[in-house]
Ligand code: GP9
Ligand code: MN
């Protein structure tokens, strides 16, 4: 005992570091897990990830060891608080690719500031307490340390950390093939390996991805991808070319979540105009958003390319130099003029760069509008639509116009300007504010659609309207379940709420009705390809008028096939109609393999700019 005490005092900095950081990372893991959580199973990988850093501190001089550990603790704490904030909005964790887009969060600061919680700063408490304690007790070494002892301590701890971690990484890679290389489900990695190991892996994959961009894709993989494109095409051609020569007006509505359609609050319709519009359109009421870290830009990327979002970060940044067989480019091949409209800063989400790659002739952004009325993040939808229709009237026909709204943006706090819409019991609540914002957006959409009709534009145009992503984040789940008259929402019920409405209005309303095919944003471009007989068919979604089965793949490898829902975060299958858990069988395992393959094809296409290569070989 006599010998142990001086040893503890000598290495108190390392002991404190390992203990405090392990506690932080495990508590953070608990916060990330909404369901079953096992502290014990997370302890092993977390401990291993922390002692690897502690091992390194043994090879440092005594003078800088404590400051080194303090800085490591500080960095880990910053990552934990940032990851928690990011998770609350994006249901994902930060990666290096996301950090590259980091400055984008500046523009949506109202979102970020409303997501950070005071309690998060408990993670930093030790960083405030330790320095004065160390100076007060004049932290000093009592036993001079032989270099050999420190070296063996370094070697021993490092080996222990690597061996334990190897076991944990290996068992996760067996449980979820390709997960560690593609990182298609980052949250699952954090839950099973801890956030430090996740960031080790993210750093390794970022370096490797940069390297792998330079290594060519194998011929067999290229062949596999091209074969997928062919087999993915529909065998029937219902409605093919039916709207050729008509304009396409596509409206992406900010945070329009499906649960508000045909629903009342305080005995008033939330979206009366969209409800009417749905009755005049082919209304897809089983349509899911499929965005990932790229938020709104992912929704645009999918609806205009039918390629999956980037596995990490935003495709709009990572692949803005790529060639794309985008919808605008397809329309240009048919002699259309192509335009994008969005009343916000042109550089946000790197739109001004990547829209050129998509083939838009012009992008009308904030600088092209008279900013005469601000709501939320910027130009009000009312002013945006009024000014946009004036621009559209001057366009060369036929045209493809893509409009993105803004006013109903999280956290829906510009309540004074959304107009007078009393939400009754939900007044002054987050959900109530959202209902006000989307009611405002609905009013402006109604005005815009009526003007299209009055100006004679509607009769010569197909109008596609859809929501970009959810409005109610998971940490407001309780409010949403109460609004829906439920005590709580199961995994399946929550999943079924992750829908956005999608409506296709045909000239003369020749086709209309409710279409419940299981579908998503990846299916818009293939569906337009068929209707307008567009030239490119290098897309991964399906034509909704020529598909019998529903099949939706999400970036984290979760999927819905109409009967089953695979929730990758929990590696669990559910029967959609009964809500019961289903054990994996050969059929479902095979489905999962196809899902991971398709995500990988899409990643390869982006990483290696394969569409350019395929085009050059034609
Ligand atoms: C800004 C708007 C916001 O241009 O599209 O995007 P989001 O924060 O929803 O991704
Ligand atoms: Mn958005």
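Every residue, even glycine, has its Cβ placed from backbone N, Cα and C.
Any TrEMBL annotation is an automated prediction that lacks curation.
In sequence order, 252, 254, 349, 404, 468, 469 are the residues near residue 296 (active site), counting only same-chain partners six or more apart with C-beta under 8 A. Per TrEMBL, the feature active site maps to 296.
The DSSP secondary structure for residue 254 (Mn(2+) binding site) is coil. Counted within 10 Å of its Cβ, the other Cβ atoms near residue 254 (Mn(2+) binding site) come to 23, all protein chains included. Residues or ranges marked as Mn(2+) binding site in TrEMBL: 254, 296, 468, 469.
The substrate binding site annotation in TrEMBL covers 409. The secondary structure of residue 409 (substrate binding site), as reduced to three states from DSSP, is coil rather than helix or strand.
What TrEMBL lists as domain 'Sulfatase N-terminal' is 246-533.
For 7-27 (among others), the entry in TrEMBL reads transmembrane segment.
Positions annotated as transmembrane segment by TrEMBL: 39-61 (among others). Counting same-chain residues at least six beyond the ends of the transmembrane segment (39-61), those with a Cβ under 8 angstroms from any Cβ of the stretch are 13-14, 17-18, 21-22, 25-26, 29-30, 68-69, 72, 150-151, 153-158, 160-162, 164-165, 167-168, 191-194, 196-197, 200.
The transmembrane segment annotation in TrEMBL covers 68-89 (among others). For the transmembrane segment (68-89), the list of distant contacts is 13-14, 17, 20-21, 24-25, 28, 31-32, 53-54, 56-57, 60, 98, 111-112, 115-117, 120-121, 123-124, 126-127, 130-131, 187, 190, 195-196, 199, 410, 473-475: same-chain residues at least six beyond its ends, Cβ to Cβ under 8 Å.
Annotated transmembrane segment per TrEMBL: 121-139 (among others), in sequence order.
The transmembrane segment annotation in TrEMBL covers 151-170 (among others).
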Cβ contacts under 8 Å made by the transmembrane segment (151-170) with residues that lie 6+ beyond its boundaries: 44-45, 47-52, 54-56, 58-59, 180, 192-193, 197, 201
In three-state DSSP terms, the structure that residue 296 (active site) belongs to: helix
